[in-house]
Amino acid sequence: MSKKITKICCIGAGYVGGPTMAVIAQKCPDVKVTVVDINEKRIAAWNDEDLGKLPVYEPGLDKVVEEARGRNLFFSTEVDKAIDEAEMIFISVNTPTKTYGKGKGMAADLKFIELCARQIARVAKDDKIVVEKSTLPVRTAQALKSILHNTGSSPAGKEGGVQFDILSNPEFLAEGTAVEDLHAPDRVLIGGDNPEAIQALVDVYAHWVPAANILTTNVWSSELSKLTANAFLAQRVSSINALSELCEKTGADVNEVARAIGTDSRIGPKFLKASVGFGGSCFQKDILNLVYIAKSYGLHEVADYWEQVILMNDHQKRRFADNIVTTLYNTVSGKKIAFLGWAFKKDTNDTRESAAIHVADYLLNEQAEIVVYDPKVTEEQIYADLDYLNTRDEKENRKLVTVVNDPYKATDEAHAIAVLTEWDEFRAYDWQRIYDLMLKPSFVFDGRAVLDREKLKNFGFEIYIIGVGSCG
Ligand code: UDX
Ligand code: ADP
């Protein structure tokens, strides 16, 4: 018989922890779910009466939070209290790529995970099931186990010691469709070595996920599956992006090629959309992680193979920016370039690793002036993203980059438009009006292949579409 879980705690109220716990609480009204974070501002936003102010924008999330919050879903900064109460603790803190020391630029920085483990070990007075939710390098569970078992007031293994079971339960939700993905996951993956602990977590998901969609494996397989899934998905994007350059040279249309190959059921239609480059907090980080692990085992061919996915992605971002400069008569100095979109994909306010940041950086190095419009990303975030790159000082970023809340303002007197995110609303704009507002010739660089080439051409635009090429 597995233990019945009545109280869950989740450490980390970010893009993964917030939506995942909201859906668990919604679907399991008999379980008290407390999401804790050290970031007071974030917790206050999760508790805001105004559901429009939730810190994570996800379609449908407001409804889920509205249903469960205050009933069995709570957001709090009292980390110790929530750990103490819970039978099951999810760790959902950030694991960015290391920016210092050994493994810099490649390995995942596990300091936040380690701090959580030490805190759990210090606070726990009774047995806990600890669930890794953050994306982690393979064998992190081992490190977690070691910390949990050797620290704390009553270390496991000693008489009267607390028992910790570690499970790996990677998250496969994609931002922008997180609620849908959580409501109807292709699969839930649970890795562990204690069948009772595994069953306790299976029982939580079984509230709404069919048994056939809940897979159980050993811990290492589960950890590696997460990295592998993201590496395969990113590889598909880099593969189609590699072909997009060839299409532009040969007159083929990458979207037609994608449709043609996607109908082969062995290939399938998803993740074949050519773009200015993939972004998001996971793809690059997870592949770098995979590369780092492979290298650390001396598997250099394996490492090089996967690294190429990242190199192709970097090339695509640079190529897109380069094309803007070349087309605008080899100089963008002092020219106004309107950015439509800053988020790394549509339907999210997340900008981590967004291609827009790198394209902007490249154009700013060429002394362009950029005006950004994104329906969901704040001005504060856009400046923070540019400042984080550390390419130029904060004053310079604010001088060269303006953020507006109206697309027509962004395009007014612009030399060119760059489409960096595939927001649906871009298609519905009054493009005749935009053409009239812009300087002539009016260039559009569509890095997401979302615009209607023929329609824009008829208005008089010179248009370049990624994977299709230029016309006008
Ligand atoms: C990804 C995984 O899909 C998810 O399972 C995992 O849990 C987290 O990482 P996410 O990063 O939220 O999710 O978004 P995803 O939809 O995978 O897109 C990643 C990037 O690839 C985006 O920048 C997107 O625009 C780009 N992309 C995706 C393409 O350029 N072309 C495509 O065909 C698909
Ligand atoms: P993800 O996309 O993985 O959810 P985020 O950065 O959106 O990543 O969220 C991670 C959250 O974890 C942040 O809000 C951060 O404040 C929180 N966090 C990090 N370390 C701790 C900790 N030791 N205790 C509580 N919260 C933490």
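Glycine residues also receive a Cβ, built from the backbone N, Cα and C atoms like all the rest.
Taken verbatim from TrEMBL:
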- CYS282: active site, nucleophile (ACT_SITE)
- 12-17, ASP37, ARG42, 93-97, 134-135, GLU175, 282-285, ARG352: NAD(+) binding site (BINDING)
- 171-175, 226-230, ARG266, 273-279, 344-345, ARG448: substrate binding site (BINDING)
- 338-453: domain 'UDP-glucose/GDP-mannose dehydrogenase C-terminal' (DOMAIN)
> What is the number of other Cβ atoms found within 10 Å of the Cβ of ASN94 (NAD(+) binding site)?
Replying inline: 18
> What does DSSP call LEU227 (substrate binding site) in the simple three-state scheme?
Replying inline: helix
> Does anything in the same chain, at least 6 positions from TYR15 (NAD(+) binding site), have a Cβ under 8 Å from its Cβ, and if so what?
Replying inline: VAL56, GLU175, ALA178, SER281, ASP350
>> So if I take the recorded positions (TYR15, ASN94, GLU171, GLU175, ALA274, CYS282) and measure from each Cβ to the nearest atom of ligand 1, which come out below 6 Å?
In response: GLU171, GLU175, CYS282
> Of ALA174, LEU227, ALA274, CYS282, which of the recorded positions has the most Cβ neighbours inside 10 Å?
Replying inline: ALA274
>> Measuring Cα to Cα, how many Å separate LEU227 (substrate binding site) from ASP37 (NAD(+) binding site)?
In response: 25
> For PHE344 (substrate binding site) and ASP37 (NAD(+) binding site), what Cα-Cα distance in Å is obtained after rounding to a whole number?
Replying inline: 24
> If you run through the domain 'UDP-glucose/GDP-mannose dehydrogenase C-terminal' (338-453) with DSSP, how many residues end up as helix, strand and coil?
Replying inline: 47 helix, 19 strand, 50 coil
> What is the number of other Cβ atoms found within 10 Å of the Cβ of THR97 (NAD(+) binding site)?
Replying inline: 19
>> Any of the binding-site residues TYR15, GLU171, ALA174, LEU227, GLN284 with a C-beta atom under 6 A from ligand 2? Give them in order, or none.
In response: TYR15
> If you draw a 10 Å sphere around the Cβ of GLU171 (substrate binding site), how many other Cβ atoms fall inside it, taking every protein chain shown into account?
Replying inline: 24
> Near GLY277 (substrate binding site), which residues of its own chain have a C-beta under 8 A away, given they sit six or more steps off in sequence?
Replying inline: ASN241, ASN313, ASP314, GLN316, LYS317, PHE320, ALA355, HIS358
